[in-house]
Amino acid sequence: MSQRVEKAVEILKSTGVRMTPQRHAILSYLLDSMSHPTADEIYKALEGKFPNMSVATVYNNLRVFKEAGLVRELTYGDASSRFDANVEEDHYHAICTKCGAIRDFHFPYLQDVEEAAAESVGFRVTGHRMEIYGVCEECQKKAH
Ligand SMILES: [Zn+2]
Ligand SMILES: [Zn+2]
């Protein structure tokens with residue numbers, strides 16, 4: 001069990017959440033893959049190991065993790081939400097327009113934009129969202 005998973009389990013236990021093998025598997029998948037999966041992708045990755053698991057189980061667990069502050073839900077209009085287990089570091093996402101892969105990257109210089117916005121429109125700013133679109137390395141290789 002990785003340290004990240006161990007720490008997350010501790011956080012869940014401290015909020016009174018009971019650990020089940022399925023819950024543990026979903027949590028490990030999220031924290032170890034860091035691939036920003038959809039609920040469906042998590043389900044497909046784990047259904048072999050847990051034949052009794054349903055997509056609803058995955059959703060319920062994701063909600064529990066979200067409430068405990070362990071994952072962030074990334075919404076994309078009508079498309080399926082993706083779940084980000086990297087909540088410790090502020091980061092941005094580069095999204096592949098061919099396969100949907102999401103990669104994290106850091107660009108702390110943009111924090112100033114929140115101050116600029118607050119000054120300019122008088123908001124109490126709570127966050128911002130920026131995404132980069134393009135074709136990931138894997139998909140670039142496939143194209144050749
Ligand atoms: Zn791609
Ligand atoms: Zn991320």
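Cβ from N, Cα, C; glycine included.
In TrEMBL this protein carries:
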BINDING   Cys96, Cys99, Cys136, Cys139  Zn(2+) binding site
BINDING   His128  Fe cation binding site
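Here His128 (Fe cation binding site) comes close to Leu110, Val113, Glu114, Ala117: these same-chain residues lie at least six apart in sequence, with C-beta atoms under 8 angstroms from its C-beta. Under DSSP, Cys139 (Zn(2+) binding site) is assigned to a helix (H, G or I) in the three-state scheme. Taken residue by residue with DSSP, Cys96 (Zn(2+) binding site) is part of a strand. The 6 Å Cβ screen around ligand 1 retains Cys96, Cys99 from the binding-site residues Cys96, Cys99, His128, ordered by sequence position. Summary: among the binding-site residues (Cys96, Cys99, Cys139), the fewest other C-beta atoms within 10 A of the C-beta are counted at Cys99. Those same-chain residues not listed among Cys96, Cys99, Cys136, Cys139 yet with C-beta within 8 angstroms of the centroid of the Zn(2+) site C-beta atoms are Thr97, Lys98, Gly100, Ala101, Val135, Glu137, Glu138, Gln140.
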